[in-house]
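A.B. asks: Dumping what Swiss-Prot says about this protein:
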- 2-24: transmembrane segment (TRANSMEM)
- 34-56: transmembrane segment (TRANSMEM)
- 63-82: transmembrane segment (TRANSMEM)
- 92-114: transmembrane segment (TRANSMEM)
- 121-140: transmembrane segment (TRANSMEM)
- 150-172: transmembrane segment (TRANSMEM)
- 179-198: transmembrane segment (TRANSMEM)
- 218-235: transmembrane segment (TRANSMEM)
- 242-264: transmembrane segment (TRANSMEM)
- 274-293: transmembrane segment (TRANSMEM)
Amino acid sequence: MNAVNILIGLMPMIGWGIFPVIVGKIGGKPASQILGTTFGTLILAIVVAIFRGTPIPETKTFIFCLISGACWALAQIITFHVFETMGVSRTMPITTGFQLVGASLWGVFVLGNWSSSQSKLIGFTAIALIIIGVYLTAWSEDKSSASKSGAVKGILLLLVGELGYLGYSAFPQAVSADGFQGFLPQAIGMTIVGIIFGLTQTKKDYKPFKEATSYKNIFSGFFFAFAALTYLISAQPSVNGLATGFVLSQTSVIFATIGGIYILKEKKSKKEMIAVMVGLLLVLVAGSVTAFIK
């Protein structure tokens with residue numbers, strides 16, 4: 001693995017790490033955030049498809065990738081809602097941990113990964129450590145009933161959202177879709193859900209299609225799409241491969257968490273900062289272990 005490949009592998013870290021921070025900085029309601037994000041992703045996906053001359057996949061693959069993108073958008077809407085109550089710095093480590101656990105369990109029970117007893121022991125130990133890490137990142141010194149209720153509600157919502165993120169990964173695998181071929185259909189699926197959600201949220205005092213934040217968030221969509229695109233490149237066997245590419249991309253949670261604390265000014269006590277950093281370390285290290293178990 002050379003320096004160029006590692007640099008490519010770290011590009012998703014920058015894109016996915018900065019994406020939630022930009023969304024938080026621009027602001028807006030979840031409908032505006034998902035509209036802008038999906039519009040930005042679709043624009044870049046069209047540019048990439050034209051530039052590469054990527055052929056449109058056959059009907060079944062196109063539909064599965066479209067559903068994949070729709071699943072992501074549904075999950076992301078939930079995540080945007082949780083940002084409002086828990087903040088980026090608490091939400092991102094939790095959703096990253098859930099995605100790592102979800103991907104691992106999908107691999108074990110559906111794809112037949114971790115076939116040996118030793119692999120299962122190591123893998124499920126790693127999952128337990130991820131769960132502990134998630135708990136630490138969500139921990140707060142505020143013991144009020146309102147704070148506890150908000151945290152529990154946020155975590156439960158993110159668990160539901162994990163089904164969408166799992167669908168985002170699983171549907172392309174079901175048809176063995178090439179990453180670049182699936183990129184545009186996924187972006188179309190994301191945008192369809194974004195538009196439908198925007199229409200359902202349109203009211204007399206709030207019209208997401210006329211909100212400035214909806215179009216400012218196109219910029220955040222470019223960062224998400226950049227990360228998704230560079231991840232496709234990184235995951236190719238000739239670059240970093242799927243396992244290494246996945247682990248490198250998940251380091252984006254460091255950017256997002258630190259950005260939430262220092263750029264979005266999400267306050268943490270000294271004890272909470274220690275808990276967050278230890279939790280992040282557990283999520284990243286244990287997540288790396290799950291990616292390399294055979």
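Glycine is no exception: its Cβ is also placed from the backbone N, Cα and C atoms.
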A.B. asks: Most CB pairs under 8 Å with the transmembrane segment (34-56): which of 63-82, 179-198, 218-235?
C.D. replies: 179-198
A.B. asks: By Cβ distance under 8 Å, which residues at least 6 away from the ends of the transmembrane segment (2-24) in the same chain are close to it?
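C.D. replies: Same-chain residues near the transmembrane segment (2-24) but 6 or more away: 33, 37, 80, 83, 87-88, 91-92, 217, 219-220, 223-228, 230-231, 233-234, 239-240, 244-245, 248-249, 251-256, 259-260, 263-264.
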A.B. asks: At least three Cβ pairs under 8 Å linking the transmembrane segment (150-172) and the transmembrane segment (242-264), pairs spaced 6 or more in sequence?
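C.D. replies: No, the stretches stay apart by this measure.
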A.B. asks: Excluding the flanking five residues on each side, which residues at least 6 beyond the ends of the transmembrane segment (92-114) place their CB within less than 8 Å of a CB in that stretch?
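C.D. replies: The answer is 20, 79, 82, 86, 120, 123, 126-127, 130-131, 133-134, 137-138, 154-155, 158-159, 161-162, 165-166, 169-170, 173, 246, 250, 252-253, 256-257, 260, 276, 279-280, 283, 286-287, 290, 293-294.
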A.B. asks: Among 121-140, 218-235, 274-293, which stretch has the most Cβ pairs under 8 Å to the transmembrane segment (242-264)?
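C.D. replies: The stretch with the most close Cβ contacts to the transmembrane segment (242-264) is 274-293.
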